[in-house]
């Protein structure tokens, strides 16, 4: 009886796996694209568009943002395809659609490749080649350099891999200017320095998860205290880099005051981590780090709008 049941269930299971996409919902595909990461990419790219010296062309800017968001989603989908084995082990990621079976691995990979291809192609045709090449670099760097090469090999994975997430404002800026200069590279630097502190606070809270998945994060390789000092160092560098737009005349005094206040709060969180025995504060700092970055880029947009209003009047 047992053998007969096993034989009958196998074709059914194969049929379900083969046509799993039919049971997937739009929400599953949205989750596959890591919407929180997409939102960050979209917002920082919009900031790049705003602070560009050239006049913004609404239609091309909209196309550029759609391409950047689609490219970020493509990278997220392929990342979930590749990391499905470790996502299955970790509590934080075990409900992802590639783990629960709502989207099959082959579907996730195909979906990601199609999105990546068309996002880069449309950017090249409708916007310009520089922003298209930068988008391709960002997607490729996240998938190949970070996900496939660094993530499972070194505790410094996020330091190097963070470059991919720092490119959206550069892409947005170049979509308007068709060039790269120190202005957009400053935005790149802020996100690049912010990323390690942001991720390591999360890794402090989920250390056991990463240990089970055998992913070499900094707390496991170098220890908790070393990680906290590293978070403090990168937080300090982030706050310093966030002041650069003022000292290079990209932003004014209002930006400096607001960014400094946000930076002091960020540094306070980093300093208090040393008394955080249960890593509860680490999770709070992780959440604040997202608010901090959004605020910094929002201040730049507000500053631009104020200058634009004064100029028009």
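Yeah, the Cβs are placed from backbone N, Cα and C, and that goes for glycine too.
Residues 61, 64-65, 68-69, 72-74, 76-77, 79-80, 96-98, 103, 108, 111-112, 115, 165, 168-176, 183-184, 187, 191, 250, 290, 293-294, 297, 300-301, 304-305 of the same chain, all 6+ positions outside the transmembrane segment (31-51), place their C-beta atoms under 8 angstroms from a C-beta of that stretch. Annotation source Swiss-Prot lists transmembrane segment at 31-51 (among others), citing sequence analysis.
Positions annotated as transmembrane segment by Swiss-Prot, on the basis of sequence analysis: 58-78 (among others).
Per Swiss-Prot, the feature transmembrane segment maps to 107-127 (among others).
The transmembrane segment annotation in Swiss-Prot covers 130-150 (among others) and is backed by sequence analysis.
The transmembrane segment annotation in Swiss-Prot covers 157-177 (among others).
If you look up Swiss-Prot, you'll see 184-204 (among others) marked as transmembrane segment, on the strength of sequence analysis.
Residues or ranges marked as transmembrane segment by Swiss-Prot: 229-249 (among others). With a cut-off of 8 Å between Cβ atoms, the residues of this chain six or more beyond the transmembrane segment (229-249) that come close are 182-183, 186, 189-190, 193-194, 196-197, 200-201, 218, 222, 255-256, 259-260, 262-264, 266-267, 269-271, 273, 285, 296, 300.
As annotated by Swiss-Prot, transmembrane segment applies to 250-270 (among others), with the evidence given as sequence analysis.
Residues or ranges marked as transmembrane segment in Swiss-Prot (evidence: sequence analysis): 286-306 (among others).
Listed by sequence, the residues of this chain that lie at least six past the ends of the transmembrane segment (157-177) yet keep a Cβ under 8 A from its Cβ atoms are 37, 40-42, 44-49, 51-54, 56-57, 60-61, 64-65, 68, 72, 75, 123, 127-128, 130-131, 134-135, 137-139, 141-142, 145-147, 150-151, 183-185, 187-192, 195-196, 199-200, 216, 297.
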